[in-house]
Amino acid sequence: MAESTIESILEEKRLFNPSQEFAQQAHIKSKQEYQQLYEQAKTNPEQFWADLAEKELDWFQKWDQTLDWQPPFAKWFVGGKLNISYNCLDRHLQTWRKNKAALIWEGEPGDTRTYTYAQLHREVCLMANVLKQLGVQKGDRVAIYLPMIPEAAIAMLACARIGAPHSVVFGGFSAEALKTRLVDAEAKLVITADGGFRKDKVVSLKPEVDKALANNGAPSVENVLVVQRTEEKVQMEPGRDHWWHDLKAGVSAHCPPESMDSEDLLFILYTSGTTGKPKGVVHTTGGYNLYTHTTLKWAFDLKETDVYWCTADVGWITGHSYIVYGPLSNGATTVMYEGAPRPSNPGCLWDIVEKYGVTIFYTAPTAIRALIKMGEHHPNARDLSSLRILGTVGEPINPEAWMWYHRIIGQEKCPIVDTWWQTETGGFMITPLPGAIPTKPGSAALPFPGILADVVDLDGNPVKPNEGGYLVVKYPWPGMMRTVYGDPDRFRRTYWEHIAPKDGQYFYFAGDGARKDDDGYFWIMGRVDDVINVSGHRLGTMEVESALVSHPAVAEAAVVGRKDEMKGEEVFAFVTLEGDYQGSDDLKQELKQHVANEIGAIARPGDIRFTDALPKTRSGKIMRRLLRNLASGEEVAGDTSTLEDRSVLDKLRGG
Ligand code: ATP
Ligand code: MG
């Protein structure tokens, strides 16, 4: 099956056990306990999730059927009624949590706000009533285009409260990207702000909304609700545009939550577009609530006293599931930061950890690599002793970056939770449970209980240990996407037909290659679209990049395939260097040899190009498809609207 699988060449042997102290206090305390849960869930998934749904969530009415599976369409907790904003807010008000900090927010200029559960509930009710006043009804779609300010979370919860599905559009997207999403979702209202602060700049948002709506660009939009943040002057169109602070003053703070069907649409979220045209991923209420609640509780061992901080943007699934819904459903304290590390304040993340005593910190490999480049003197100058768990998501983490995270940020005592999941999966799929599962740098470890993940060939047969293949899930789970908005056929085609169903078995496949090692640990090898075929050997990008990053001169690396007459394809590497290093022919030779030594001659790059930066999506993922075009001297093709910084691409094109 050489054609259908991927070869693995990287060997990483380091293993880190949770300390006894940590394991003893954890929700899931041992490998054995994990295995029991896993077996129990595998034997009877419906019962497993139904028990949790009963225990962890409040329902207005119990469901009649746990799972209705008409492949590839799943319904969970059919007939059940609930409201996710009730589970995130109201139910905590009946306990001492009423006056607990729900949301701690820090603005980039240094202003701060803290909302207790009671205060957050009040704000959400006010916004819900404003939305109703503006004619939003149950089922109407609302677009949220905001910076990272508390109103983003408030808006999402307000929509959920009245049963209006939200579509959060990342605040860094342009008018054009916003327009496409408004049109696709037929949004009735947009919630935005004058702007926000990021990397010492004012990012204007309202003018982008104006552009998107100009010339009847998104005819479904009737009203725009505007939050004042930067106090820059903006145009307000009479009748269409309304200030949040004005309308808020005129509504009641009483707004009972709508009783929602478990399968009612909760939100649409367009994927970040690393690989092509964004898809409107559909998530519904009951299953998503349960899944984000439970995965966060177990994978981050969430406790009442934790101060939990996820640095993602609410515009991504990570922000939805693990800044807003997951933490609040659990009654936790969630931290939100408006800004990002920047030359004027490269240590800002560590200041926040110190200031609020953050105990759980969750970020992405791209951020970790940037922090490494900024130097360890920044974290070293802060007190990070409050931290007890670290997390990572978004791309495969190179083992060397993992080790830095472990040593410098985790001070060798914090388990690292490497969570593999996707917009489509709603929540974590493969992840260590930090008190139960020893970790290996670069591996996302084992599937969450209830997740029947496997690595298979194109025919759906499991591949042997240590052989690469397609990462699939073989049974529905509560947090899974239900469809592509308005295009069920695209849903089927994109996710369920790549590996054809056989004997009634369906395979969910969303594009990643992986291998399992002898201990059953999963190693994500990168996207299968990015696989490089060298003389018939199919190489994943992750392993070659990790070999490059393990050289002291290399900060970040991206490899792509370039046509080669002899070998079919050869490895072409784009490399950014650590501060003290200069690109030279000697260094190229050295790096090529380094890769050959680390993982074998087959992966030795044919060519290396040094660059200041790599093209990334706005969520920080390397866009290898653009690099592939560049490496072979072709015009850059496909959608580039999600590119973070056009100038990176222009520079690479230039020479
Ligand atoms: P699109 O699907 O539109 O191309 P995207 O895949 O980047 O965009 P997301 O859903 O945000 O959109 O990202 C999910 C992908 O990110 C995964 O399929 C995987 O490739 C990568 N990923 C996420 N977490 C991890 C992880 N812990 N290890 C390795 N890869 C990861
Ligand atoms: Mg994807």
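Every residue, even glycine, has its Cβ placed from backbone N, Cα and C.
From a predicted model like this one, the values you see are computed outputs, not experimental measurements.
What TrEMBL annotates here:
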{"type": "BINDING", "residues": "Arg198, Lys199, Asp200, Lys201, Thr318, Ser535", "note": "CoA binding site"}
{"type": "BINDING", "residues": "Gly394, Glu395, Pro396, Asp418, Thr419, Trp420, Trp421, Gln422, Thr423, Asp512, Arg527, Arg538", "note": "ATP binding site"}
{"type": "BINDING", "residues": "Val549, His551, Val554", "note": "Mg(2+) binding site"}
{"type": "DOMAIN", "residues": "34-88", "note": "domain 'Acetyl-coenzyme A synthetase N-terminal'"}
{"type": "DOMAIN", "residues": "92-483", "note": "domain 'AMP-dependent synthetase/ligase'"}
{"type": "DOMAIN", "residues": "543-621", "note": "domain 'AMP-binding enzyme C-terminal'"}
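Overlay of TrEMBL feature records on the structure.
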{"residue": "Arg198", "record": "CoA binding site", "DSSP class": "strand"}
{"residue": "Thr318", "record": "CoA binding site", "DSSP class": "helix"}
{"residue": "Gly394", "record": "ATP binding site", "DSSP class": "coil"}
{"residue": "Thr419", "record": "ATP binding site", "DSSP class": "coil"}
{"residue": "Arg527", "record": "ATP binding site", "DSSP class": "strand"}
{"residue": "His551", "record": "Mg(2+) binding site", "DSSP class": "coil"}
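Looking at Thr419, Ser535, the binding-site residues in this record, the fewest other C-beta atoms within 10 angstroms of the C-beta turn up around Ser535. Across the range of the domain 'Acetyl-coenzyme A synthetase N-terminal' (34-88), the DSSP-based residue counts are 27 helix, 15 strand, 13 coil. The residues of the domain 'AMP-binding enzyme C-terminal' (543-621), classed with DSSP into helix (H, G, I), strand (E, B) and coil, number 25 helix, 27 strand, 27 coil.
If you take the CA of Thr318 (CoA binding site) and look 10 A around it, the binding-site residues you hit from Gly394, Pro396, Thr423, Arg527, His551 are Gly394, Thr423. In this chain, no residue six or more apart from Lys201 (CoA binding site) has a CB-CB distance below 8 Å. Cα of Pro396 (ATP binding site) to Cα of Val549 (Mg(2+) binding site): a span of 12 Å. Reported as a whole number, the C-alpha separation between Thr419 (ATP binding site) and Val549 (Mg(2+) binding site) equals 21 Å.
Those same-chain residues not listed among Val549, His551, Val554 yet with C-beta within 8 angstroms of the centroid of the Mg(2+) site C-beta atoms are Glu400, Ala547, Leu548, Ser550, Pro552, Ala553, Ala555, Ala557, Val575, Leu591, His594.
Comparing C-alpha positions, Arg198 (CoA binding site) sits nearest to Gly394 among the binding-site residues Gly394, Thr423, Arg527, Val549, His551. The two recorded residues, Asp200 (CoA binding site) and His551 (Mg(2+) binding site), show a Cα separation of 33 Å.
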